[in-house]
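Colleague: First the structure, which I've put down as structure tokens, then a few questions once you've had a look.
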Amino acid sequence: MAAAWQDVVRDAAAVREAAAVAVDAALLAGVLMRTGEQPNASDVVNYAPFTLLPSAVPRALFEQAYAVQQDFNLLVDAVSQNREFLEQTLASTIKVDDFTARLFRIYKQVLEEGLAQTVFLGINRSDYMFDCGLEGTAALRQIEINTIAASFGGLTSRTADVHRLVLNVLGKSEEASQLLPNNPAKGLALGIAKAWELYGSQRAVVMFLVEDVQRNIFDQRCIENELWNRRIRVVRKRFRDVFEQGSLDASRRLYMDGQEVAVVYYREGYVPQVYDEQNWEARLLLERSRAVKCPDIATQLAGTKKVQQELSRQGTLEKLLPGHPEAIARIRATFAGLYSLDEGEEGDRMAATAIADPDRFVLKPQREGGGNNLYGEELREVLEKIKDSPERTSYILMDKIRPQPALNYLLRAHSPLQVSECISELGIFGVYVRQGRELVLNRAAGHLLRTKAIEHADGGVAAGVAVLDTPFLV
Ligand code: ADP
Ligand code: MG
């Protein structure tokens, strides 16, 4: 990929000046995070980490990622409604992975009772890296699709303005004018508002289900404030609050201390650590309710890494999306090599291949949130240990994507200004609303570019590894 800012990236004086302007611009624009010391107070806040310079992204791949997003929305929605597929695909995983098993139990329980929910809202983010082929042409490769709590759509709605200013300061006004507008906050709020409207009760609120530790609150506020401006009331509650205040009426409408809830937007609930028995009970209450869950538990399961791996198997997409050959072709063109480690010949062969050549692969457990994958020597050691045990099936194996690094500066509060070799990950937000069987909204809602230094194999912005960025199309 073109090194876009070759002339300025080594100019120490220009970089120092631009960085000072950039940090203040981020604060002014609201690219903010609470501090680790005071994660639940807004008295003193920091800028969220971001790159000094926008990163070059090949225009064709950027457009490809946008063009396939509605297809991915359709696919996730189809998987979430296909009980047979989810049961078969996750059968081996739930034998060994307690967290997925527990989610699955709730899924089955609500199906057996009969769904009260009739309106469905999906907000997802499909993440990609640009794989550098031998001939030097980059290809779009999906890393994963996040179907629950996909974050940074709010803050990233404000980063393009910051980078535009930085480029102006660096004497690159022509390039500054080419940065694309981007407003996922608005697009996601539109989906939530549509779901709220179809739920059909003016009095009912949208409930953001939030973490105990709320460092990333400003990202969520961007979406909340869009809803308030549409005169939709928003409340922020934790699982614990649901356990204490939540109830269902005879038609399974959800109430929080007497206040009806139309939409539950989860920004929490995707890692096992948050669930004690009371929080599991709260989750079950929400899933049984008529409220629109974003996502419902079936859609959360549709986003598991095991499902991703099975989707790449020959013939699976054709079964899930009959009558959509073009969508299938667009989706498949983004897949990297994905391999099952289930018990049997195929799994044995892949385990042996990965042990022999660990640098070719990434080993992934059924977890979200960054920092869980295994690479290189560690991958080899773990696979050696579990290769003959059922535990192997709690992982999938994926080809490692190798993007072309570029120089940039990662601006973080209290960190020295230094140049790093960086790679980027592009996310496209998707939003859809379904009423009964009819899809009434299906769109791409904006993008997120995250960039990290190459020494980190894993991890996102919240994990403290990647930072916010803006694509500069080349
Ligand atoms: P999580 O659910 O934890 O976000 P991901 O599948 O997104 O799991 O992996 C976390 C990070 O690991 C990604 O953001 C990316 O930086 C890196 N990663 C994941 N898969 C690959 C891959 N196949 N090749 C290279 N890097 C990868
Ligand atoms: Mg990820």
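Glycine residues also receive a Cβ, built from the backbone N, Cα and C atoms like all the rest.
Annotations in TrEMBL come from automatic prediction, not curation.
Given the structure is predicted, the values throughout are model-derived calculations rather than measurements.
Here's the feature list from TrEMBL:
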type	residues	note
BINDING	Arg125, 148-151, 214-216, Gln220, 267-270, Arg450, 461-462	substrate binding site
BINDING	Glu144, Asn146, Glu368	Mg(2+) binding site
BINDING	Glu144, Lys305, 364-373, Tyr375, 398-401, Glu425, Lys452, Asp458	ATP binding site
DOMAIN	204-302	domain 'Glutathione synthase substrate-binding'
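For each listed feature, how buried is it and what is near it?
Modeller: According to DSSP, Arg125 (substrate binding site) sits within a strand segment. The Cβ neighbour count for Arg125 (substrate binding site), using a 10 Å radius over every protein chain in view, is 27.
Around the Cβ of Glu144 (Mg(2+) binding site), the number of neighbouring Cβ atoms within 10 Å comes to 18. According to DSSP, Glu144 (Mg(2+) binding site) is assigned to a strand segment.
Tyr375 (ATP binding site) counts 15 other C-beta atoms within 10 Å of its own C-beta, drawing on all protein chains shown.
Mapped onto DSSP classes, the domain 'Glutathione synthase substrate-binding' (204-302) shows 41 helix, 26 strand, 32 coil.
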Colleague: Using the CB centroid of Glu144, Asn146, Glu368 as the Mg(2+) site centre, which other residues of the same chain sit with their CB within 8 A?
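Modeller: Other same-chain residues with Cβ inside the cutoff are Arg125, Asp127, Ile145, Thr147, Ile148, Ala150, Tyr270, Gly303, Lys305, Gly369.
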Colleague: Do any residues at least six apart in sequence from Pro365 (ATP binding site), in the same chain, have a Cβ closer than 8 Å to its Cβ, and if so which, in order?
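Modeller: The answer is Asp97, Lys305, Asn372, Asn373, Ser394, Tyr395.
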Colleague: Roughly how many Å lie between the Cα atoms of Glu144 (Mg(2+) binding site) and Arg215 (substrate binding site), rounded to a whole value?
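Modeller: About 24 Å separates the two Cα atoms.
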Colleague: Quick one: which of the binding-site residues (Glu144, Arg215, Pro365, Glu368, Lys400) have their CB closer than 6 Å to ligand 1?
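Modeller: Near the molecule: Glu144, Glu368, Lys400.
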Colleague: When you measure from each Cβ to the nearest atom of ligand 2, which of the binding-site residues Arg215, Pro365, Gly371, Tyr375 fall under 6 angstroms?
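Modeller: The binding-site residues passing the 6 Å Cβ test: none.
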Colleague: Give the helix, strand or coil assignment DSSP yields for Lys452 (ATP binding site).
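Modeller: SS state of Lys452 (ATP binding site) = strand.
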Colleague: Distance check, please: Cα of Lys400 (ATP binding site) against Cα of Ser151 (substrate binding site), rounded to an integer number of angstrom.
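Modeller: Lys400 (ATP binding site) to Ser151 (substrate binding site), Cα-Cα distance: 24 Å.
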Colleague: DSSP three-state call for Pro365 (ATP binding site): helix, strand or coil?
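Modeller: Assignment for Pro365 (ATP binding site) reads strand.
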